[in-house]
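All remarks here apply to the structure that follows.
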């Protein structure tokens, strides 16, 4: 069932009213709500609208086809199928209500306690939930049938217990994720009691996903209840959809139509609950990037030349704008960004998180996250606008011409493959090396990036090496296919301070040795000072200042740059200023 | 890895023991009603007392439990009350029938869910929407109703497959396949689309990982990124889907076996539930949970093999 329930929809919870309205605006949501409303009304008004007494037997109507009196015909005992169908809605909904009531009450309570307090209670609850999930539900309900007695409702209550793990896990995970949010802390500090925090603040966050779960569980309950009644476990005096199917099954060879109506009633009702759940989920996800295609305005690309085609310039970015779909418009995270990178130059792109520096880097690589699009501008690599290239031509540039060193070393190695394989694979694809050649080069590269025991690292899985070693491996991978431009996205941020210095030294040495151009994305002016020839400062998606590193440090023009620089002086460890020529001269 | 598996095994044994214990005390607390059930409403108090003594349920519950447990540990689950023979023998006859259907069903489901899920993950569009629609339909149609419709269509109208009965694979493999095709079809249709959706989610999750972006940046071929790296890393999530579906299939077998008149554990459960054959029910719950524990252990083993971190520990 979890496939139908998306667990991370709780964050942007719209108010209750707007949620209901939005669900009703969704055609499927409206149709599903309408069907459910009809079933509820039919159940309530059954004695008024049923044309016949559902238990009255007319001997001539046994397995009879439809006529004016029995609109859907008669069942195996000569009772009106339509009237039984109408009355069957009552016990169906009551059973579903019991299951939902029991499972949501127990599951949500356990989830709130387990998620909020964590610790031992959480361990015990999780263990019980695992145990309950290992039980085949119908088998257990059948086994307890004699103990529970002939009323189907006791069985449904037990089934409710079997379904608590779904509510428990959902609530527990949502609560655990908001437990340390600032507003909860604030409530705690302001002296609100735990129970009050849980009910006022935490429960509000988890409500919309619970609506989805309730809807799904109602559907499951209806199916299981019908199954038990079909097996003859219900009260044979009460008309039920499952019991009607049993009757139809017994007369399958005489009147096969009779199995259609109760089956359709069950399917339609359950489908409405599932579709309602889907509609709620879609509504909650509306603000998140959807698969919908937004049109990109073709805006004139400025052709100011600006030495863009000069042989010395390897990369020329002009008027770049990058956007992500937000509802039905684009949210621009990068705009009007223009800069050049010369051959053998190290360009730093500096800015706070969210300034658009990483998005600029990914736009150059053509690896924007899902939905991300270059809206305007051009990215010329060696004179060719790569944004105009097709997928294959663009992909052919990656690795061989433009390479990438990521920020977080451990998550950027595939945990399932040995490091040696991960190094060899691109070389074999991109450079067409044989297995032996690739192996030899991989070992050589591992030594080159300063790993003390290349063979051991080659044969290791990512989880067996340290973060610093992993970053060296990733640098080895990035340079393995002799790229002309290396894009390093905060390559030292995730590392220990001592390791940071070594990695920077390695990058500087490799750059001067291989003569690559480098774009160094960072928020750290220390790194810039260490390494970069020129610096671009980004703020809110724009470049506010771009200049030679020395000039920028000595005479920053923009207030924002001054502010960033003063931050460095105030709260970072003292770092000797290194003349930018150390890295740039080649 | 042995350590990991030993831990999982211990967890499974504890689970089995707790469920067996709880079930025992629940089902054996209602034996009086069952005795009346077996003897019929006309039974005298003396008859009831005699049968109660004969079945050994006049003893304190704890004594009965200790007795049951000491026998169960030696593989003896007692004698059935309403059927001939020992519970172990009855289970030995019926469990293989059910397992042969469920194993076939889960294998077909795994293949279909993997193919559909991977297709939906790699090329979204119509196949993605098809799976969404199918999963709503599959979820909404009770499998026993679907079973009835399959009988009407394939057995009564087209007359290509038998409506009822079971042929052991030992006597005829083709006969076995013919006899379980409709039951297995009715069992898996409800789950296959939702399993495919979960496979799709697992593959998409794997494709969203940081290392996949790095693989793209290195120039690794798209084919290798999808089929080598993403699929390999989607395996654990997909295996978990299978273990959940396996339990659902066991549960569904009760109704399906009844419809197709298959002499398996599911049909046995229904039969003994109606008459209240408590030792048989106790044996069924115990053996079912044991099967689930073994299957989960097997899936843990596969997961451990797929995950170098566990494999090398």
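Using N, Cα and C of the backbone, Cβ positions are placed for all residues, glycine too.
Per TrEMBL, transmembrane segment is recorded for A:28-50 (among others).
Taken from TrEMBL, the feature domain 'ABC transmembrane type-1' covers A:89-281.
Beyond the ends of the transmembrane segment (A:93-117), by six or more residues, the same chain brings 39-40, 43, 125-126, 129, 152-153, 156-157, 159-176, 179, 194, 197-198, 202-203, 206, 210, 213-214, 217-218, 220-222, 224-225 to within a C-beta distance below 8 angstroms of the stretch. According to TrEMBL, the transmembrane segment annotation covers A:93-117 (among others).
Residues 110-111, 113-114, 155, 158-159, 161-162, 164-165, 168-169, 172, 224, 227-228, 231, 233 of the same chain sit 6 or more residues outside the transmembrane segment (A:124-145) yet have a Cβ under 8 Å from a Cβ within it. Residues or ranges marked as transmembrane segment in TrEMBL: A:124-145 (among others).
Per TrEMBL, the feature transmembrane segment maps to A:151-170 (among others).
Annotation comment: TrEMBL describes A:210-228 (among others) as transmembrane segment.
With a threshold of 8 Å between CB atoms, the same-chain residues lying at least 6 positions outside the transmembrane segment (A:259-280) that come near it are 4-5, 19, 23, 26, 28-29, 31-33, 35-36, 39, 72, 81-82, 85, 88-89, 92, 208, 211-213, 215-216, 218-219, 222-223, 226, 241-242, 244-245, 248-249, 252. Annotation comment: TrEMBL describes A:259-280 (among others) as transmembrane segment.
Per TrEMBL, domain 'ABC transporter' is recorded for A:315-565.
Distant neighbours of the transmembrane segment (A:28-50): 80, 82-83, 86-87, 89-90, 92-93, 268-269, 271-273, 275-276, 278-280, 282-283; these residues of the same chain sit at least 6 beyond its ends, with a Cβ under 8 Å from one of its Cβ atoms. The domain 'ABC transporter' (A:315-565) scores a mean pLDDT of 90 in the predicted structure.
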